[in-house]
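Trainee: Before we start, here is the structure in question, set down as structure tokens.
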């Protein structure tokens, strides 16, 4: 997605050798115009998949996921990273390691929101090592639902997340694919949409 790549170049900051900070439009402050465009692109990419639910993980995946769900006209569910006292029964869980935060969390979704008839599109802000998406896939499979694809706003293609997900038989669609970081700059490779 050319518009997204241009925005990353304009407003993204490379930190070290493998961190991209995009807090001015995605991970802290949200540009809803850009998110709406992102939602439309993912909806077009999965228009024929019969998606019934969009699933993400809190927190930075929520903004793009809401706009994808809006464009597909389906509900959006986000996995919670912290146990809520109101979630007392029928909980689907998985362990997820965060590359950015360097911590493992138990994420959960109430089972009443997913059924064996659901066709799910997972949406997330970043793909690095694939652990967040893998955890969401585990939760969706616990419900007996099917994963139709994983939509990623920004993929760090130099890390092994895509390979992990494709080895699991999951279609990955990334709107911006970063080939590498070089001298504080980033290089893109061809995106999926």
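A Cβ is built for glycine as well, from the same backbone N, Cα and C atoms used for every other residue.
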Trainee: Of 119, 134, 156, which does Swiss-Prot put in the xanthine site with 20, 27?
Mentor: 156
Trainee: In whole Å, how far does the CA atom of residue 131 (5-phospho-alpha-D-ribose 1-diphosphate binding site) lie from that of residue 27 (xanthine binding site)?
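Mentor: Given the Cα positions, residue 131 (5-phospho-alpha-D-ribose 1-diphosphate binding site) is 18 Å from residue 27 (xanthine binding site).
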Trainee: Do you know offhand how many angstrom separate residue 156 (xanthine binding site) and residue 128 (5-phospho-alpha-D-ribose 1-diphosphate binding site) by C-alpha?
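Mentor: Distance (Cα to Cα, whole Å): 5 Å.
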Trainee: Around the recorded 5-phospho-alpha-D-ribose 1-diphosphate site, report the further residues of that chain (criterion: Cβ within 8 Å of the mean position of the Cβ atoms of 128, 129, 130, 131, 132; site residues excluded), sequence-ordered.
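Mentor: Checked against the 8 Å cutoff, the neighbours are 97, 99, 127, 133, 134, 159, 161, 164.
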Trainee: If you take the centroid of the Cβ atoms of 20, 27, 156, the listed xanthine site, which other residues of that chain have their Cβ within 8 Å of it?
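Mentor: The answer, listed by sequence position, is 12, 19, 21, 22, 100, 125, 126, 128, 154, 178.
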Trainee: Pop the Cα-Cα gap between residue 20 (xanthine binding site) and residue 129 (5-phospho-alpha-D-ribose 1-diphosphate binding site) into the table, whole Å please.
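Mentor: Spelling it out, the Cα of residue 129 (5-phospho-alpha-D-ribose 1-diphosphate binding site) and the Cα of residue 20 (xanthine binding site) are 14 Å apart.
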Trainee: Would you measure the largest Cα separation among 20, 27, 156 for the xanthine site and round it to whole Å?
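Mentor: Pairwise Cα check on 20, 27, 156 gives a maximum of 16 Å.
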